[in-house]
Amino acid sequence: MPPYRSRTTTHGRNMAGARGLWRATGMKDGDFGKPIIAVANSFTQFVPGHVHLKDLGQLVAREIEAAGGVAKEFNTIAVDDGIAMGHDGMLYSLPSREIIADSVEYMVNAHCADAIVCISNCDKITPGMLMASLRLNIPVVFVSGGPMEAGKVLLGGKTKALDLVDAMVAAADDKVSEADVAAIERSACPTCGSCSGMFTANSMNCLTEALGLALPGNGSMLATHGDRKRLFVEAGHLIVDLARRYYEQDDSSVLPRSIASFAAFENAMTLDISMGGSTNTVLHLLAAAHEGEIDFTMADIDRLSRRVPVLCKVAPAVADVHVEDVHRAGGVMAILGELERAGLIHGDLPVVHAPSLKEALERWDLRRTSSESVTEFFRAAPGGVPTQVAFSQNARWKETDVDRAGGVIRDVEHAFSKDGGLAVLYGNLAEDGAIVKTAGVDASILVFSGPARVFESQDAAVEAILANQIKPGDVLVIRYEGPRGGPGMQEMLYPTSYLKSKGLGKACALITDGRFSGGTSGLSIGHVSPEAAEGGLIGLVEEGDSIQIDIPNRRLHLDISDEALAHRRTAMAEKGKGAWKPAHRTRKVSTALRAYAAMATSAARGAVRDVDQLFH
């Protein structure tokens with residue numbers, strides 16, 4: 001039976017000093033010997049998805065102590081990708097994931113905590129905490145802050161649902177008046193919570209449910225709704241139970257690596273493909289699998305993408321459906337229920353709240369359950385009142401959406417598409433793969449070819465788009481924005497939003513070794529690997545080169561002869577120290593970012609750090 005980790009610091013004469021310090025934090029004689037549970041919070045006033053978390057750590061802590069544990073809360077950082085977007089602040093977003101993972105590991109291991117409750121929400125925080133949890137492999141429960149309510153605005157006599165991306169697109173569209181832009185800006189993000197579409201934050205919070213590490217509703221219950229409080233209360237009790245099962249009953253089935261197994265990663269990726277989640281989830285699942293020593297790769301994602309249909313389309317793939325609508329239709333459990341019926345996921349896997357996923361679905365899938373309380377839970381609706389306060393409203397839909405033929409969530413027979421919402425492309429431009437969110441690509445441009453318009457930075461591409469220098473049929477290539485080349489692998493939400501605003505969203509393609517926001521749609525191909533800074537072919541593309549994209553056949557190809565390619569490689573090598581570096585780009589790169597770049601790996605490996613690279 002494994003000993004409680006915390007007894008390293010709470011037991012024995014030689015730990016008198018440590019016990020003295022524990023007493024100074026409020027511990028009493030009777031607390032020594034109880035499981036010490038770390039509450040990893042991520043409150044910050046910088047991020048709407050985290051602005052309401054300040055008191056929620058202590059809410060969980062009280063429940064932990066009521067269940068017989070000792071709770072100790074700490075905070076980690078959180079970057080708002082939307083605020084960091086469109087300038088050099090975005091260089092820090094992806095590297096912050098590693099810092100979050102490290103900070104959780106540091107705090108938990110330094111103080112020998114026995115288990116963790118991870119209070120996350122936005123883009124890099126959930127992945128960072130997930131990476132840490134799989135590194136540490138001690139009992140964990142995830143509970144996120146929840147999604148924001150969708151915005152509503154009255155334009156031209158009609159009420160329109162909207163989100164952050166609408167504000168970006170409208171601001172760049174010369175045809176939209178100043179008054180309408182102001183109205184959209186003021187209405188796009190009305191409440192606390194993670195942005196209301198199926199962007200990266202909400203995608204990842206849904207995937208923690210599929211991995212088995214979070215409670216039902218974690219990915220879809222609104223941040224503002226009173227019912228979300230129950231998740232925090234239950235998490236506090238559940239984590240003490242999981243800790244006791246492991247340390248007192250020698251039940252290793254409750255550990256993260258037992259729950260988030262290879263098969264669970266298949267379930268999570270299957271969910272992601274079926275709901276057209278953010279392409280960033282590919283990076284984050286690969287990174288989490290790496291930390292858990294699970295051999296889950298791009299090849300597995302490619303395999304799954306070829307057999308999983310699209311059962312749910314949410315903004316940005318469609319304009320008028322947001323995560324609050326997914327919740328009304330039964331949330332993640334309803335999508336998993338349809339996938340399980342079709343034999344597309346593993347139902348026999350353990351989850352933190354039930355012996356198996358299949359047993360959980362019997363209670364939580366709206367089409368199976370007889371529980372009135374579950375139905376009531378999924379009737380939780382937006383309150384329609386701007387607020388930064390958690391659990392501040394209790395609105396209800398009159399009924400849930402269980403229409404699986406024409407509703408927000410479909411069954412396999414009525415799928416939006418038989419092909420999945422994400423695809424892995426290969427070819428000479430992406431020998432190790434590239435990712436495209438097919439759920440956001442118009443059917444008319446699934447096969448596309450055109451001349452390359454080459455840019456050495458996101459900023460240069462934005463400047464060209466806004467100056468009307470991009471024409472229908474162009475293929476924008478934005479390079480040296482990968483994990484090492486950026487460094488930090490910036491998101492390209494502004495270029496794709498500006499293409500939309502110029503009426504080019506269905507007339508152009510964008511290819512990059514950087515990545516895309518979960519808010520991106522259109523023919524946007526990211527994570528091109530190997531990246532330009534690693535000697536990838538994307539670094540040799542020249543203005544006017546013909547590029548072919550064939551999503552149905554998973555192909556990304558630069559039309560170039562072997563002779564011409566060899567000549568370009570020779571010319572690049574002759575640049576010496578200037579080889580595989582962006583020409584004419586002025587960008588100040590801090591020591592912190594240089595350290596990340598020195599260890600960063602390819603997007604095909606999740607852009608995780610590899611310390612061994614420092615010694616080659």
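Cβ atoms here come from the backbone N, Cα and C positions, even for glycine.
Feature list (source: Swiss-Prot):
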- Asp81, Asp123, Lys124, Glu491: Mg(2+) binding site (BINDING)
- Cys122, Cys195: [2Fe-2S] cluster binding site (BINDING)
- Lys124: N6-carboxylysine (MOD_RES)
- Ser517: active site, proton acceptor (ACT_SITE)
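Structural mapping of features recorded in Swiss-Prot.
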residue	record	DSSP (3 states)
Asp81	Mg(2+) binding site	helix
Cys122	[2Fe-2S] cluster binding site	coil
Cys195	[2Fe-2S] cluster binding site	coil
Glu491	Mg(2+) binding site	strand
Ser517	active site, proton acceptor	coil
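Counting every protein chain shown, the Cβ of Asp123 (Mg(2+) binding site) has 34 other Cβ atoms within 10 Å. Under a cutoff of 8 A between CB atoms, and with a sequence separation of 6+ in the same chain, the neighbours of the residue listed as 'active site, proton acceptor' are Asp81, Met85, Phe199, Thr200, Ser278, Asn280, Glu491, Met492, Leu493, Thr496. Lys124 (Mg(2+) binding site) sits 14 Å from Cys195 ([2Fe-2S] cluster binding site), taking the Cα positions as reference. Across the structure, Cys195 ([2Fe-2S] cluster binding site) and Asp123 (Mg(2+) binding site) place their CA atoms 10 angstrom apart. Within 8 A of the CB centroid of the Mg(2+) site residues Asp81, Asp123, Lys124, Glu491, the other residues of that chain are Val79, Ala84, Met90, Ser93, Leu94, Cys122, Thr200, Ala201, Asn280, Ser517. Of the listed binding-site residues, namely Cys122, Glu491, the sparsest Cβ surroundings within 10 Å are found at Cys122.
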